[in-house]
Amino acid sequence: MDVHPPLVKLLFALVAWISGYDGHFDFKEIGSDYPHHVPYRPMRLLPAILGVAVIPISYLTLRMLNQRPLSATLAALLITFENALIVQSRLILLDSPLLFFTALAIFFHVGFCKQDKKKPFTKQWWSWLSLTGLSLGAILSSKWIGLFTIASIGFVTINQLWHLIGDLRLPIPQLIRSFLARFLCLAILPLAFYLLIFHIHFSILSSSGDGDAFMSSEFQQTLRGHGMPDTFADVLIGSNITIKHTNTLGGYLHSHAQFYPTGSHQQQISLYPHKDDNNIWTVLGRLSDDVDIIHRKPPNYYYQNRIPLNGSTFIRLNHPLTDKRLHSHDIRAPISEVDYQNEVSGYGFVNYPGDANDEWIIEIVSKESDVKTDPVSAQRVRALRTKFRLRHSLLHCYLFSHKVRLPDWGFGQQEVTCNRNPTLASSLWYIESNYHPLLAEDKKAVKVNYRWPSFWAKFWEHHAYGSRPSSWPILKRGMNLLVGSVWVQSWAKDHRQIYLLGNPFIWWLATASIAFYLVAKSLLILRIKRGYHDEARNPNVIKYDRISTYLVIGWATHYLPFYLMRRQLFLHHYLPSLYYSIFQLATVFDFATSRLTPKARLKAFAFILLMALWSWSVFAPITYAAPWTRSQCESARWKRSWDFSCHDFPEHMDEYENLEQNDEGPMMRNSSGRARQAVHNRFKLLEPIMNVFQLPESRHLVSSPVLSDATPISQLDPPPLSHPRSSRTELD
């Protein structure tokens, strides 16, 4: 299951398929070796090419914003030597394509704004506007933060329409036409593109896979290889059934021949997400109703009479494989050790009829059942249609499950308890499969199956399931892409790291340019309030104020919403805002040097560029996983919060030569002579671009679980595909 829309991963899958990928490598284990048949080079080329393409797009965008060539060149070079952008472009990650689509959207929108001032409704006008909409659709189809780009362009569009409304020279029909054109291209077109990508996604990823359990049962039913045969609708005493939990997607009511290490030490009961024989239960009547209590199996009475399950029916559930009954008692649950949570266990042995603690009362919940299409499901239990609760006959608690996992002794399965005060959703169950001999003999017995969800139902389905934004503009902390056991076992012997850290000089200067605008704008407003209109009427000030307002709105709409999010956030979420802030830096440079001579302007340009180059070179070893010494690492730790590990580097550079000769590691094997020379000759201008395209021979995944955004990520299988909803890759 994936939290992100599928466009970028479909692009990776397309590249892999064109390159001969057969779909048999699942990308699950971070740090594992790529087999020879996995085309990881072409897959890494995709973000590399798109990352490099951002550079000329940034130049052209600033030129269209009426910036001088030198200012536009400065922004393009700062993007070239931005360490975090380089790291994102070198790995199979989502952010490089996302930034490419963001750059395209800004470029096309700026072009549209210029054309709108010249002459609206021409072919060029429609082209710029349509391309802006398609780019917005591509951003939205890559990551949900594409909504922020739509919001930033939406603010500008609303401002444009507001001015058009105030233009009394504009005829009403043309005003309506302007509104409808923008609505069509900037709202409907991105949404249509987004839906089209999901349609392609569902068409290609149509097979069953390991991640099926993260989806609803109805969704799983649409996958090839996961279809379930029709099951009997009427559930009778004596039926063999499987019971599923409604709320958590945790799976089936399950038991196995292992015991709780605490509490009663009886047999474990849990939720298990996959189909298994241990999910099967036999429905028995009340203990007092048994005719033949000495037999281990249910008496034949149940197979000779059709006794339906109605609301308020007393039942027992027997686990055939272990001959234990579903049981609860006044003992605390193994994990949720609170007074209102009782342990649920499997209890019983040969020739033992059980006791009253095995009895449960069915409570049909009509409002949650499928009563519209199957009215009978409100009166008696029907497979797949009736939602019900199971209340313990003595303790008056309800069979309950929640998103709490058992430890290793419970195989990480989901805890099941008997809760005296449960929420309705977490105590709701339904029967998925149902078999009874009498029903099998009855040709008129009604059978049912999951209802086939529509495209919209599948589209809206979602998964049931760092750093904070305030630290991003000041680059308080980076992110280690090689951590934990993966780092220790696979990479420590090479004494190299990849650490996601921006170029501090560029990062801080870009943040300062945002602050400069906010202060300057505030002072300008205060001057106007005090009656000083000289600066406000200055054409040069008006020009830069409009450009900066456009860029700062883009920066703010991509940055400030993260303060409202409680999910785990990471430094790479700031990269679109960084792109805007670098543009703002170039704008401030253009404004500040507007009255300087060309020679003085060139000196200022050279100073900023050289400082950026120096800062890039200091952190190049953790950008490219290049050789570094411990002393160099310590001297580069400008902030204590930067947590890259200096202990993993050798004392002297000569030790890398010994590593090559004695134990040639995967990264060392693959570093070309050009790359090594570039690390020592730090000021080679083409080094960032060269290293973006340099694809080492290493077959290790250079990634970390922290990039997964707290969810498993889809594998990249071309058609034919198995459904990839729980696989891990380098993708974020």
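Here the Cβ of each residue, glycine as well, is placed from N, Cα and C on the backbone.
As recorded in TrEMBL, the features of this protein are as follows:
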DOMAIN    232-286  domain 'MIR'
DOMAIN    305-365  domain 'MIR'
DOMAIN    378-434  domain 'MIR'
REGION    709-732  region 'Disordered'
TRANSMEM  7-25  transmembrane segment
TRANSMEM  45-62  transmembrane segment
TRANSMEM  69-86  transmembrane segment
TRANSMEM  92-113  transmembrane segment
TRANSMEM  125-141  transmembrane segment
TRANSMEM  147-168  transmembrane segment
TRANSMEM  180-202  transmembrane segment
TRANSMEM  505-526  transmembrane segment
TRANSMEM  547-565  transmembrane segment
TRANSMEM  571-592  transmembrane segment
TRANSMEM  604-626  transmembrane segment
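Non-local neighbours of the transmembrane segment (92-113) in the same chain are 4, 7-9, 11-12, 40, 43-44, 46-48, 50-51, 53-54, 57-58, 60-61, 64-65, 85, 125, 128-129, 131-132, 135-136, 138-139, 142-143, 145-146, 149, 153, 156, 160, 554, 572, 575-576, 579, 703, 707, 729-732; each lies 6+ residues outside the stretch with a CB under 8 Å from one of its CB atoms. Between the transmembrane segment (604-626) and the transmembrane segment (125-141), fewer than three CB pairs separated by 6 or more residues in sequence fall under 8 Å, so the two stretches do not touch. Counting Cβ pairs closer than 8 Å and at least 6 residues apart in sequence, the transmembrane segment (547-565) and the transmembrane segment (7-25) reach fewer than three and form no contact. In summary, the transmembrane segment (69-86) lies against the transmembrane segment (571-592): three or more C-beta pairs, each 6 or more positions apart in sequence, are under 8 Å. Shown for the domain 'MIR' (232-286): DSSP residue counts in helix, strand and coil, namely 3 helix, 28 strand, 24 coil. Residues of the domain 'MIR' (305-365) grouped by DSSP class, helix first, strand second and coil last, total 3 helix, 29 strand, 29 coil. Within the chain, the transmembrane segment (505-526) has long-range Cβ neighbours (under 8 A, six or more residues past its boundaries) at 78, 81-82, 473-475, 535-536, 541, 545, 548-549, 552, 555, 578, 581-582, 584-585, 587-588, 608, 611-612, 614-615. Across the domain 'MIR' (378-434), DSSP assigns 7 helix, 27 strand, 23 coil. Among residues of the same chain six or more beyond the transmembrane segment (571-592), those with a C-beta under 8 A of the stretch's C-beta atoms are 54, 58, 61-62, 65, 67-68, 71-72, 74-75, 78-79, 82, 84-85, 88, 93, 95, 98-99, 102-103, 145, 148-149, 467, 469, 472-473, 477-479, 500-502, 506-507, 509-511, 513-514, 516-517, 540, 544, 547-548, 551-552, 554-555, 558-559, 562, 604-605, 608, 707, 732. Across the domain 'MIR' (378-434), the prediction's mean pLDDT works out to 92.
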